[in-house]
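Enquirer: Pasting in a structure now, in structure tokens, and then I'll have a few things to ask.
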Amino acid sequence: MDKAPPVTERSPMTLSATLVLASGNPGKLREFAQLLAPLGMQVRPQSDFAVPEVEETGLTFVENALLKAREASRVSGLPALADDSGLEVDALDGAPGIYSARFAGEPKSDARNNTRLLEALAEVPEGRRTARYWCVLVFLRHAEDPVPIIVQRSWEGEILAHPRGEGGFGYDPLFWLPDQGLSVAELPAAEKNRLSHRGRALQALVERFRGGDKAP
């Protein structure tokens with residue numbers, strides 16, 4: 001997993017009431033809106049500003065998140081929050097990784113991605129199906145922000161042989177949490193937000209805001 005570069009200290013500022021989320025994924029928008037609402041922050045999707053989808057040419061989660069955040073901020077004129085996340089499966093040498101959303105090709109499809117993952121692991125026995133979700137968040141005050149805030153968190157689990165649950169999105173029906181005895185898709189939304197790679201990354205971002213790396 002790539003490491004985030006250090007972020008320099010910033011002068012204190014107050015949190016912005018509105019930011020643009022550099023994503024068209026409705027599941028991500030819903031999760032971010034739920035997590036940031038208690039702070040009085042409104043999250044608007046990049047589709048509200050006709051932000052074009054950025055070609056993710058980066059070789060790491062960090063590089064791709066930066067590309068998306070800069071474009072969303074440039075077009076919208078607002079502070080931008082970008083998420084780049086994915087699934088790493090040990091038995092597949094870390095795949096699908098940065099290609100998680102397009103694992104089964106275009107157009108992107110959660111159902112087809114899940115099917116391809118199950119096919120790739122068909123001969124892998126229980127106990128060797130360990131995996132983790134990664135989430136990298138990048139926050140930019142403006143499009144040319146030279147010192148973005150970058151945080152990342154992971155979430156350990158295993159890949160099931162069959163999907164379970166109706167909630168969540170992406171690979172959630174296949175991602176098993178041994179400590180909870182549930183798939184991510186079976187978790188209540190509030191519990192997922194508390195435990196997940198994305199929820200904990202966002203909490204870490206909020207702590208960065210409170211510690212001096214403030215949003216405008």
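Note that Cβ sites are derived from N, Cα and C of the backbone, with glycine treated the same way.
Annotations in TrEMBL come from automatic prediction, not curation.
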Enquirer: Taking TrEMBL at its word that Ser23, Gly24, Asn25, Pro26, Gly27, Lys28, Phe169, Gly170, Tyr171, Asp172, Lys192, His197, Arg198 bind substrate, choose the one of Ser76, Ser85 listed for that site.
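Expert: Looking through Ser76, Ser85, the residue TrEMBL assigns to the substrate site is Ser85.
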Enquirer: Which of the three DSSP-derived classes (helix, strand, coil) applies to Gly27 (substrate binding site)?
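Expert: The residue in question, Gly27 (substrate binding site), is helix (DSSP, three-state).
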Enquirer: When the number of other CB atoms within 10 A of each residue's CB is tallied over all shown chains, which of the binding-site residues Glu55, Asp84, Asp172 has the maximum?
Expert: Asp84
Enquirer: Applying a 10 Å Cβ distance cut-off over all chains shown, what neighbour count does Ser23 (substrate binding site) have?
Expert: 23
Enquirer: Least buried of the binding-site residues Asn25, Ser85, going by other Cβ atoms within 10 Å?
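Expert: Candidates: the binding-site residues Asn25, Ser85. Fewest Cβ atoms within 10 Å: Asn25.
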